[in-house]
Each structure stands twice: as C-alpha cells, then as structure tokens.
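Listed features, source Swiss-Prot:
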- Ser56, Thr57, Arg58, Thr59, Gln83, Arg107, His134, Pro135, Cys136, Gln137, Cys266, Leu267, Arg294: carbamoyl phosphate binding site (BINDING)
- Asn165, Asp225, Ser229, Met230: L-ornithine binding site (BINDING)
Amino acid sequence: MNHFLDIHLTDPADLREIIDQAAIMKSARKGRPRGAPDDTQPLKDRIVALIFEKPSTRTRVSFDVGVRQMGGQTMVLSGADMQLGHGETIADTARVLSRYVDLIMIRTFDEAVLTEMAEFATVPVINGLTDRTHPCQIMADILTFEEHRGPIAGKKVVWSGDGNNVCASFLHAAGQFGFDLTFTGPQTLDPDAEFVELARSKGVNVAVERDPAKAVEGADLVVTDTWVSMHDAQSARERRHNQLRPYRVDAALMSRAKPEALFMHCLPAHRDDEATSEVMDGPQSVIFDEAENRLHAQKAIMRWCLAV
C-alpha cells in the first residue's frame, strides 16, 4: 500500500514509474470515446472515495472519469457530508472509510487533515490538494512538459507570481526530478523557506529573482497561477493585483525565455491578470494539455497506490 501525499515523500524511481505509466495509458486511449473502458481494468470491483472539503472542477472530474475508465466506482463526499474534525474525529473517519472503500482521495484546506487521514487509514490516501501542496497537478505538469520537450531533468523552470501550494510542489519536484527552479515574485509572497532549502539539499539550483525579465532569461518553462481565489473578497483581489501586476506573464516576458519555452497555468485563470490571453492562447501555451493530463497522471497515481 502506497500513500501519495507529497512529491518529496515519494521515491524518485516511483515518480518516474508513475510518469511513464501515465504516458503509456494516455497513448493507449487515443481515438477512444471518453466513456470507453481501458483495455485493462485495474480498478475492477474497487471503490474510490473522493472527498472535497474544498470544491473543484478539474480534480473531481478527472478523478471520477479516471476511476470509471479503469473499471472502478466512485463515492463523492463534500465537506458538508463529512464535517471532518467537527464531530467524529478524522482518525475515526479514516478508519471507518477504510472498511468501505479501497482508496481515498482528499482535497482539503489543512494539510494536517491529510496527514491524519493517512496515518489512520488502512487504505491508500492521495493528496488531491491542500493549502500547502498540490502534487497531482505537478505530476500532470511534468507529464505535459516531457511529452512536448523530452526529459525535464536539467531544465530551467520559472515560477512567476505567488509562491503558493502549486509552487511548493514544483519545488519538491525540482529536487526529485532534477530540474532548476527560479522564483520571481514579491518578497511578501515568497515560497516557504523550508521547501526552498529542501530542494537545494537535493543538489538543484533554486534561485529568487525579483526582476521577472531577468528571471525568465533562458527558461525552458514559465509557470504561473491565479493571484487570488475565485472566492476572495474584492479588497483582497485589489491588494493582490497591486502586488503582483509586475509579474504578469505577457508576450514580452515570454520573449525573454528560450524560443521553444512552454507556458503553463493549472487553471482556473483570471485571464489578463496573471497571464494575458495572448500568451494563454498562444503557440507556447500547453494549458489545456496540462488540464487533460490531470486525468492520465492521476490514473497512474491510483494504480501505483494500489499496486495494480
């Protein structure tokens, strides 16, 4: 049994196995209807609980479709259904769910909820997102980069904007996959120093550059994310916009990267805030391949967790 809680907690050889498996499974589905089953049915007779304390479009749909394609069934539970930690303890919830289902995916706010769920569950637990990390997204991003440009090892990735949970998982991935990462953004939104040092301890170059034009020079991949939550108050949105406007990814900024550089954004996006529509819809953008690859990467993660 394998939990998938964070990239830095997973052996590099296992991460490579997941990426390679995802690529094989994606290739095998070419030309098939979305609802057609995979040739192999590794999740036949398996039930996967999908827990959403924090709502999502991509995570819910991609996991649900992936389970169905592999022959399994899903049980979707919202925060209102569960009330995690506000009645029954998380530990007891984990123990009970483990008697009903074969795998648990949880998308939550507090990483401590994820950690406790994994500690007491007797089935694998997958981190669908926390406020601290988002490893499934980065596995999809690496799959996307490698299908367009080959191995990511030794490449330069630039993160522009807020050093948030997706940025944190990119830092973890840098150490495990062997690519360099430059963060460019305001000092008040720097990524967690603990994550920076962890990546550096693996021998990769992690740099902080306040000037975005300098940061993206020679980049193989430029990545950003939404500046504000879709649910943030207007005052918070205005404050973040003032801080982050210099770090918007536009055509002028992308021109400083390598000509073959790719652009990624995990979506949803506030178009023309963190990135211009010109870039998002341009030839260097792979944002919709990236979104599709959530499906394939997560299918491979589930197979790895269950060893099927």
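The backbone N, Cα and C atoms fix where each Cβ goes, and this holds for glycine too.
What Swiss-Prot annotates, mapped onto the structure for a quick look.
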| residue | record | DSSP class |
| --- | --- | --- |
| Ser56 | carbamoyl phosphate binding site | coil |
| His134 | carbamoyl phosphate binding site | coil |
| Asn165 | L-ornithine binding site | helix |
| Asp225 | L-ornithine binding site | coil |
| Cys266 | carbamoyl phosphate binding site | coil |
| Arg294 | carbamoyl phosphate binding site | helix |
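In this structure, the C-alpha atom of Asn165 (L-ornithine binding site) lies 6 angstrom from that of His134 (carbamoyl phosphate binding site). A C-beta separation below 8 Å, combined with a sequence spacing of at least six in one chain, links Asp225 (L-ornithine binding site) to Gly161, Asp162, Asn164, Val166, Cys167, His265, Cys266, Glu274. For Ser229 (L-ornithine binding site), the spatially nearest entry among the binding-site residues Ser56, Arg58, His134, Cys136, Arg294 is Ser56, judged by CA separation.
Ser229 (L-ornithine binding site) is surrounded by 12 other CB atoms, counting those within 10 A of its CB over all protein chains shown.
Least crowded of the binding-site residues (Ser56, Asn165), judged by neighbouring Cβ atoms within 10 Å of its own Cβ: Ser56.
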